[in-house]
């Protein structure tokens, strides 16, 4: 490649990236996933589009996609709270294993029938599109206030279901490439355990070593993110090299670092946020360039049947069967999880495997995977907000600071500065600072008024429009935000949680005459907390609901995992 070609490559690449970024606001206006915008830009720049760029280098696309996916999973892991595993780990693992196997089987049967394939070829198609995509799930769920059980299950599933899909894809390719090969059940079981076992061991072990290395190193602030990124990629590559799941490993590395007091954590997250956007843009641009839309015309009708068969039948059946042991999931939760079986980059990456193995019909597998991904993003991704509202799994928005940044005084400092803009409807307007009930371990460090810095004292009175810089830790964030942040619209909370709020220590006997409850010997001595535990189990989350004696009971308050109050919706309002 000469200098002119290199400059042309830089010019075209930068232009496509800039166009993708500038078009990103269109996604929110049209209600479509931003990843679809990036993919569309790549397709339009490709062979059949106005750009006319001929790109058919599957090896390069495979390299770019794997690198991008690793970075996205590292960032996603660092932003996942390990506390969410309390309610979502086992359901997510069930979906990531049994769910993928069931989806693969049903989709494989449909593919074999629709495209007149051998049943093994049909199963290969099912395995390729059988797993949800972490990049798509993290991107579309980011910033949404979903029921914790549902949101965490979807995120953990998407970060851990790739080993099963890779295992099934590689095994089926080996069988199809050599029909005489003897692949025993024990061999396949060992391969499966190796994928998961090595992925978990190297992810957690490597994450611990990387965490120690980061905290013991004294580097310039900008170098910590590079150390984490390079270390994560080394663990990802080592896991793949040894036969484990690199995708699972790097997700666990991020999870470990994000939930430990890590030096430079806030600057690492800021850098990874930018890197994740670059990765998403680069990955979907390259995959879009790889597609020749005219090739999809021959398969569009059976392709639609396959995509909708998977969305409306295979995925829901897999979810319902996988979650049968977990009674805490309501029917609405299950339907929403079924609908958010988003396909993205992973199926396209897996579809490259048969191409690189030289299997007959590999181009069909690739085109089918791409078609399913397009339909999934366009149909499921675009309707996610509506689905969350209909399933009642999206919680009212919480008050939050307008910005927050780390104060990394110590190597593992957890202090942050939260910035709040006071609105007129806050009760603290006109009150002196000394009368505020601030959470323990927090302090107002600065007050800005009309672009002027004030020196706050106990007698300083707050005014509407003031900007407060508050020093504290994440454990105090909710209390501080309730005190200073712009609250959600007052109608939203009652509409979701109910019009009446009851402390969980109240006895049902005291509520019986008010709400017309009919109690027996078993319920006569119960408190509201006992009722919630009996109906929802030991790990309820905010927004959980159940119907009891014609009333809708909604978990409206939690403190360290314990339900503190419950909202009640009357039958006419439910």
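Placement of Cβ uses the backbone N, Cα and C atoms for every residue, glycine included.
Bear in mind that the values here come from a model prediction, so they are computed numbers and not experimental data.
The transmembrane segment annotation in Swiss-Prot falls on one of the ranges 271-291, 397-417, namely 271-291.
Swiss-Prot tags one of the stretches 131-151, 152-172, 173-193 as transmembrane segment, and that stretch is 173-193. It is 87-107 that, among the stretches 58-78, 87-107, 109-129, forms the most Cβ pairs under 8 Å with the transmembrane segment (299-319). Using the rule of three or more Cβ pairs under 8 Å, pairs at least 6 apart in sequence, the transmembrane segment (271-291) is in contact with the transmembrane segment (34-54).
Each residue of the domain 'RCK C-terminal' (405-486) gets a DSSP state, and the totals for helix, strand and coil are 14 helix, 28 strand, 40 coil.
Between the transmembrane segment (335-355) and the stretches 34-54, 58-78, 87-107, 219-239, the greatest number of Cβ pairs separated by less than 8 Å involves 58-78.
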